[in-house]
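Asker: Sharing a structure with you now.
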Amino acid sequence: MSSLRQIAFYGKGGIGKSTTSQNTLAALAEMGHRILIVGCDPKADSTRLILHAKAQDTILSLAAAAGSVEDLELEEVMKIGYRDIRCVESGGPEPGVGCAGRGVITSINFLEENGAYEDIDYVSYDVLGDVVCGGFAMPIRENKAQEIYIVMSGEMMAMYAANNISKGILKYANSGGVRLGGLVCNERQTDKELELAENLAKKLGTQLIYFVPRDNIVQHAELRRMTVIEYAPDSVQANHYRNLAERVHNNGGKGIIPTPITMDELEDMLMEHGIMKTVDESQVGKTAAELAALSA
């Protein structure tokens, strides 16, 4: 049996993290690897494309119905999906009441105690990355996830979130074994996106693992609650996800301790690539029309 690889996909909300991770994991399963997905996002959408389901019952919701987590059996919380991928969603409380990160902590403890990680090649944590509270940092803080892959794009806030996640990895890297595996750029077709992604990776001391091109077939597959790997296995996009999976598979043990940058350095990078045209503070807060009038 191969040694267990514990990876995590982090990223800004809405960046396509869950879609990217599920397609990557479907490709890994297609390669013959045994996969467990632990969804750590309150939306509980980390497994929907693998299970063809709107949302999986979460550990916290099932525990509430049963009385406590101790009253649950592993078979009740774990569902089997595409290519025998095992799926679990941690869940969280109602919006506005309590800490959603509590579900992450409760779930991982329950899974470990009940042998969920046995006979598995990969366990993948799909984590909301622009929330930096301790609960969501749990896979990093408790040395559960060894390799972190950050899904980002060429958008300012996606890069900002990637840098913030890198700060979290740096904080716990010395006390545990967590490392940054690399960045995955989920294309949004912004200006000079590939250049920016490669530059940010370089500044963080890591690599751009893969640049995933934008393709409407991803949305077509999602509407049918399927990964592209399953929905259109012969498509160009499916092969992109297979290439990404291959890169992740071959990246074991190659993670690094990141070197996060400051907000000023991030803005400087945008200026270097012509996204922000000048450092002139007088232009801050000016509309496009106002700037055009000034330059006329």
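Using N, Cα and C of the backbone, Cβ positions are placed for all residues, glycine too.
Among the features that Swiss-Prot reports, ATP binding site is placed at Gly11, Lys12, Gly13, Gly14, Ile15, Gly16, Lys17, Ser18, with the record citing sequence analysis. Taken from Swiss-Prot, the feature [4Fe-4S] cluster binding site covers Cys99, Cys133, and the record attributes it to similarity to another entry. Taken from Swiss-Prot, the feature ADP-ribosylarginine applies to Arg102.
What's the neighbourhood like for these features in this structure?
Answerer: Sequence-distant contacts of Gly16 (ATP binding site), defined by Cβ-Cβ distance under 8 angstroms and a gap of at least six in the same chain, are Val151, Asn186, Val218.
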Asker: Most Cβ neighbours within 10 Å: which of the binding-site residues Gly13, Gly14, Lys17 is it?
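Answerer: The residue with the densest Cβ neighbourhood is Lys17.
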Asker: Helix, strand or coil at Gly11 (ATP binding site), per DSSP?
Answerer: strand
